[in-house]
Amino acid sequence: TIESCTCDYKFRGDSGNDWEWGGCSDNADFGHRFGKKFVDSGEKGRDLRHAMNLHNNEAGRKTVSSEMRRECKCHGMSGSCTIETCWMRLPTFRTVGELIKERFDGASRVTMRNDGSPSDRETESSFVPYNPSHKQPASRDLVYFENSPDFCERNDKFGTPGTRGRECNATSLGVDGCDLMCCSRGSTTTEIKVKERCSCTFHWCCKVKCEECTSFRTVHRCL
């Protein structure tokens, strides 16, 4: 833990409802300030790439803060809820990751305003949509200014090997599935012989002896 990061004491006392603040609320404000100072310190430029990085950094921090939830605990005899104390808890890493992934999938392509470099790097007003018919990105939207390289084909300039010859999963609908990984080029199917250790037994002391078994496995590879 960071010694200077204490509980968030603004959540204290009577809430005015049928519960009261108590416990130790996660200090999201401290985390926001610390993260901003630590992550943004490397962004010194004034060009579009640096403005994009600063915007996306802030979008991530705002996503974390906006997903804080109230947790409560009951106090009382025999399991009754005579008194209920509550505190604010940060979302889990999985929750944040899923939200960021959703925003990544819906990221907005932007360009710099016509008047040049932004006067305020911390706001989304630095950008305009690349497509004029699209709406202005919000503060928690992720943005980008150029398309990713084509990862389907080999590109020595970017160091991407492409997906030709990659083993894929014929039954998966995810990124490891043949439909996506092979970029609609199709795949081959072959039966290969595999030698594996099997029927392993432990012998005192201290060895494990195994037999060698042969099996056949179906392998799918991208065209």
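Using the three backbone atoms N, Cα and C, a Cβ is placed for every residue, glycine included.
Copied over from Swiss-Prot:
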{"type": "DISULFID", "residues": "CYS7-CYS24", "note": "disulfide bond"}
{"type": "DISULFID", "residues": "CYS72-CYS86", "note": "disulfide bond"}
{"type": "DISULFID", "residues": "CYS74-CYS81", "note": "disulfide bond"}
{"type": "LIPID", "residues": "SER78", "note": "O-palmitoleoyl serine"}
{"type": "REGION", "residues": "110-135", "note": "region 'Disordered'"}
{"type": "COMPBIAS", "residues": "125-135", "note": "compositional bias 'Polar residues'"}
{"type": "DISULFID", "residues": "CYS152-CYS183", "note": "disulfide bond"}
{"type": "DISULFID", "residues": "CYS168-CYS178", "note": "disulfide bond"}
{"type": "CARBOHYD", "residues": "ASN169", "note": "N-linked glycosylation site"}
{"type": "DISULFID", "residues": "CYS182-CYS222", "note": "disulfide bond"}
{"type": "DISULFID", "residues": "CYS198-CYS213", "note": "disulfide bond"}
{"type": "DISULFID", "residues": "CYS200-CYS210", "note": "disulfide bond"}
{"type": "DISULFID", "residues": "CYS205-CYS206", "note": "disulfide bond"}
CYS183 (disulfide bond) and CYS86 (disulfide bond), Cα-Cα, nearest whole angstrom: 50
Other C-beta atoms that fall within 10 angstroms of the C-beta of ASN169 (N-linked glycosylation site): 16
Alpha-carbon distance [CYS7 (disulfide bond); CYS183 (disulfide bond)] in Å: 49
CYS152 (disulfide bond) versus CYS222 (disulfide bond) - Cα distance in angstrom: 10
Same chain, 6+ residues apart, C-beta under 8 Å of the C-beta of CYS152 (disulfide bond), given in sequence order: GLY162, THR163, CYS183, ARG185
Positions on the same chain near the compositional bias 'Polar residues' (125-135), where near means CB under 8 A and six or more residues out: 51-52, 55, 108-114, 118, 143, 145
Cα proximity to CYS182 (disulfide bond), best match among disulfide-bonded residues CYS24, CYS210, CYS213: CYS213
Helix-strand-coil residue split for the compositional bias 'Polar residues' (125-135), DSSP-based: 2 helix, 3 strand, 6 coil
Coarse DSSP state, helix versus strand versus coil, of ASN169 (N-linked glycosylation site): strand
For CYS205 (disulfide bond), the one of CYS7, CYS24, CYS168, CYS213 that lies nearest, given that the disulfide-bonded residues are compared by Cα: CYS213
Cβ-based isolation winner (fewest other Cβ atoms within 10 Å) among the disulfide-bonded residues CYS81, CYS86, CYS168, CYS205: CYS205
Under 8 Å by Cβ from CYS198 (disulfide bond), same chain, sequence gap 6 or more: CYS210, GLU211, GLU212, CYS213
